[in-house]
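Chemist: Sequence annotations record features per position, and here TrEMBL assigns substrate binding site to B:MET53, B:GLY201. Taken from TrEMBL, the feature ATP binding site applies to B:ARG128, B:SER174.
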Amino acid sequence: MTSSTSTPALLAASVDALDRVRSTGPLVHCLTNDVVVNFTANALLAVGAAPAMVDIPEESGIFAGVAGGILVNLGTPHAEQRAAIEAAVAGAAQAGTPWVLDPVAIGALPVRTELAHRLRDVGPTVVRGNASEILALAGAGAGGRGVDALDEVDAAADVARELALASGAVVAVSGPVDLVTDGRRTARIANGDVLLTKVTGGGCALGAVMAAFAAVEPDPFVATVAAATTYTVAAEVAAEAAAGPGSFAVAFLDALASVTGGDLRTRAALS
Amino acid sequence: MTSSTSTPALLAASVDALDRVRSTGPLVHCLTNDVVVNFTANALLAVGAAPAMVDIPEESGIFAGVAGGILVNLGTPHAEQRAAIEAAVAGAAQAGTPWVLDPVAIGALPVRTELAHRLRDVGPTVVRGNASEILALAGAGAGGRGVDALDEVDAAADVARELALASGAVVAVSGPVDLVTDGRRTARIANGDVLLTKVTGGGCALGAVMAAFAAVEPDPFVATVAAATTYTVAAEVAAEAAAGPGSFAVAFLDALASVTGGDLRTRAALS
Amino acid sequence: MTSSTSTPALLAASVDALDRVRSTGPLVHCLTNDVVVNFTANALLAVGAAPAMVDIPEESGIFAGVAGGILVNLGTPHAEQRAAIEAAVAGAAQAGTPWVLDPVAIGALPVRTELAHRLRDVGPTVVRGNASEILALAGAGAGGRGVDALDEVDAAADVARELALASGAVVAVSGPVDLVTDGRRTARIANGDVLLTKVTGGGCALGAVMAAFAAVEPDPFVATVAAATTYTVAAEVAAEAAAGPGSFAVAFLDALASVTGGDLRTRAALS
């Protein structure tokens, strides 16, 4: 962690944010891809939030004003969903609802890349991606070949900070060590497990959990760090009981539901 | 249970209906939401039915004449699926195929609310929802903020009976105690577990299981009670082995596949 | 196994192909149905491949040139996805990318049946289906009532060989004993477990795994046999630890991730 918030303060704030997610059950509106939508809803339920996937344009703008947080994930951007995303983002702006942008696999694929750049300029609260996606969103790098991170998180750190300052969004780069920055403050979270990359939606559902934390914590930098810490600590707990990716996914949902502030205090590798 | 069918007779009929689902493997045609479609198919397979999700308008009407039962769930009502629903419902009417309507999250969201009211008037065999959705479908109450039940089941009991009488459908209200009524007869099922609300599709898949039972049992009230009893008894069995929502969902599918008539006789809390 | 490749040679080639999937992580582009898309992605990740589901027409053709293998599955052929399939198949032809066609539930359902016949004539690398689907694709038989196999694999053997010779595709017929033929060579794989039919996507995900193997093994007959053997041996391993379809699906993903060449050598029932 650098500047203005100490690591212990950030950890205490993360524990507090987790408690508030659990006690208030924020409604999270997800416009996300077909592949991970089930896992995403289950991850939200497990952590204590209430998921709702309203992705038709006639309803998504209305719902953006009702929800506590919104996820916009570009993994399978069908035409009707793209229209629903535009309506949701407009509704979010009007209602002041925080929203998370996950620019899945942008770079070489034209529809999602153009849409991601446009959404970046509308002003997401948080942007989450792997290093190659963050580079592509910032206009640097070649973009991904899908959901893999071909670039290292550290290589993306400077670009992430610049993107945060230019866009006003907190930027989270997922990788072996997660990085979260608002341009001024930067935190690294060295928790997690490689099995999380062997379950589809391991990254995408984190974007939804960030939206849940942003619904209850007014500082988006704190919310994003708290979400990433909760999520990756749960992954560590789950990995201890897993025999492979199938049992890991199950144990991960159990761990997301049972992880406590005490677990964060004991296990978080925040810096 | 009130009037015309005794509780012991209803339990015996439920056991019999479960046996027939297992021995005949009814084909259930699901037009349902993206979030729960996988879990719904797996729940149908587990209980002994055969799922098929045919949700394009050029095919859904044809398939409605082939299937033994149909589920219409409005969770993510994309434009193409809405057309497919209209075709399926018309096909069901022509072929006499029983169908279940699940009016997910109606109330404030205009497209699904208008569609649900129209479908209600076409004559579903069964309507399943939480209390707030049933109130909204009946034209009472404010509707849901998503898939949560903000109203209590008991508060919805009178409205459910009136809705049943007015629409001709059996009405099932899901909650801590499930209520099933055809307007004249009312049953309560006090089985289940709160973990079922922590798995996405916990309610939606029940609608599909009701369609499977309606395919083999000509009295829709009996079919609906039998489905809800089988489903919630399986949930109880599963909860005994679960460490959280992830392991619960797995154990629930195992329990749906193994629950016996004997388990229903021992555990059903029907009244 | 008949003609030109001995069974021991085919087994050795299968072990080698599995090693190459694991070491190279081929990118598999899936245009598949909503019901099984999550399970399919997880099966690909488990076996060592990298899934990506790019199913909008503006992007799928581009991605077909980047991917190592492609799956086209017709389970829920929405209009936008149908256009994306056409673009992907054209992109595959241009780039020489191998692709697998899974003609889910063709026969009575007009849109997918017409599309499947057209795609058959474009020249898929592999066709995978149950016996009734293969019969329907060849223009014989009545087609399926969904995803069930109403015809026996052996009844489809001659038709499968003729289809392979006429289309140039390797044809794989899934059933209690899987059959793979390129018209000249025919292999039977007697592994697997009935629980695989109780998990939705049990067949569909195999088509994706075949695309992963076709990405690394230039002989599509060998690739298809290797994929089916790996997949069904993993199912056998998983079934030993399963209490029902829920725990089987979890154990299956674990087994797909851990199955070794040694397991294939010990367990494969190839002939």
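If you go along the chain as it appears here, the first residue is 1 and each next one adds 1.
Positions of Cβ are set from backbone N, Cα and C atoms, glycine also.
Are these features on the surface or tucked inside, and what are their neighbours?
Modeler: Note: B:MET53 (substrate binding site) has non-local neighbours B:HIS29, B:CYS30, B:LEU31, B:THR32, B:VAL37, B:ALA41, i.e. same-chain residues 6+ apart with C-beta under 8 A of its own C-beta.
Cβ neighbour count for B:SER174 (ATP binding site): 28 (other Cβ atoms within 10 Å of its Cβ, all protein chains included). In the three-state DSSP scheme, B:SER174 (ATP binding site) falls into the strand class.
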Chemist: Measure the Cβ-based neighbour count of B:ARG128 (ATP binding site), defined as the other Cβ atoms within 10 Å of its Cβ.
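Modeler: So the number of other Cβ atoms within 10 Å of B:ARG128 (ATP binding site) is 33.
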Chemist: Count the Cβ atoms, other than its own, that fall within 10 Å of the Cβ of B:GLY201 (substrate binding site), considering every protein chain shown.
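Modeler: I get 27 for this one.
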Chemist: Check the DSSP secondary structure of B:MET53 (substrate binding site), expressed as helix, strand or coil.
Modeler: coil
Chemist: What three-state secondary structure does DSSP assign to B:ARG128 (ATP binding site)?
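Modeler: It is in a strand.
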Chemist: Out of B:MET53, B:ARG128, B:SER174, B:GLY201, which binding-site residues come under 8 Å of chain C, measuring Cβ to Cβ?
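Modeler: In terms of proximity to chain C, the binding-site residues that count are B:MET53, given in sequence order.
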